[in-house]
Amino acid sequence: MSLVALYTGSFDPLTLGHMDVIGNAAVLCDEVIVAIGVNPSKTPLFTAQERITLIESACGPLFASHACKLSVRLFSGLAVEAAREAGAQLLVRGLRDGSDLDFEMQMASMNRVMAPDIQTIFFPAAPAVRHITATLVRQVATMGGDASPFVPPVVAAALAQKTSLPS
């Protein structure tokens, strides 16, 4: 039986922190599914299709070096239902600090009640990426700052193009 992990998020944009979690999951699992949550009441910077393309492009080299399959998909609703539909046994989450731990433990407990057969595993963020959030990256980029230290190169290029002001 292969071990399949589901990693959910908005990934708007994909950050080096997300890449850290995906890389850790790739070491342990046979397949990692990156599931982009779609919330019709929010207006993301990148469209769902753009995020899929960026994740596939950024993660391609990582998965080429591991014996692990990557897939990217959209989902709406509960993460445990998305995991069940995808055949994933694991939900993977990253932890940057204590506030992440508090929130993620509550979510893991709720998910465990709803889906006892699906486990949640946590990866502590590497110190180099602990401070990165997609919200802050969007703010830096939309205010004309250089977001490249916080995102994969393909995402930095897309951010620069998306947020460039017309001359």
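Glycine too: its Cβ is placed from the backbone N, Cα and C atoms.
Keep in mind it's a predicted model, so treat the numbers as computed, not measured.
Reduced to three states, the DSSP call for Ser10 (ATP binding site) is coil. Residues or ranges marked as ATP binding site by Swiss-Prot on the basis of sequence analysis: Ser10, Phe11, His18, Gly94, Leu95, Arg96, Glu104, Val129, Arg130, His131, Ile132, Thr133, Ala134, Thr135.
Taken from Swiss-Prot, the feature substrate binding site applies to Ser10, Lys42, Ala79, Arg93. The secondary structure of Arg93 (substrate binding site), as reduced to three states from DSSP, is extended strand. If you draw a 10 Å sphere around the CB of Arg93 (substrate binding site), it holds 22 other CB atoms from the protein chains shown.
Residues or ranges marked as site 'Transition state stabilizer' by Swiss-Prot: His18. DSSP classifies His18 (ATP binding site) as helix under the three-state reduction. Proximity of His18 (ATP binding site) to non-local residues of its own chain (separation of 6 or more, Cβ distance below 8 Å) is seen for Tyr7, Gly9, Phe11, Gly94, Ala134, given in sequence order.
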Binding-site residues (Lys42, Arg130), the one with most neighbouring Cβ atoms at 10 Å: Arg130
C-alpha spacing of Ala79 (substrate binding site) relative to Ile132 (ATP binding site), in angstrom: 23
Surrounding CB atoms that lie within 10 Å of the CB of Ser10 (ATP binding site), all protein chains: 19
Lys42 (substrate binding site) to Ser10 (ATP binding site) - Cα separation in whole Å: 10
Arg130 (ATP binding site) to Arg93 (substrate binding site) - Cα separation in whole Å: 13
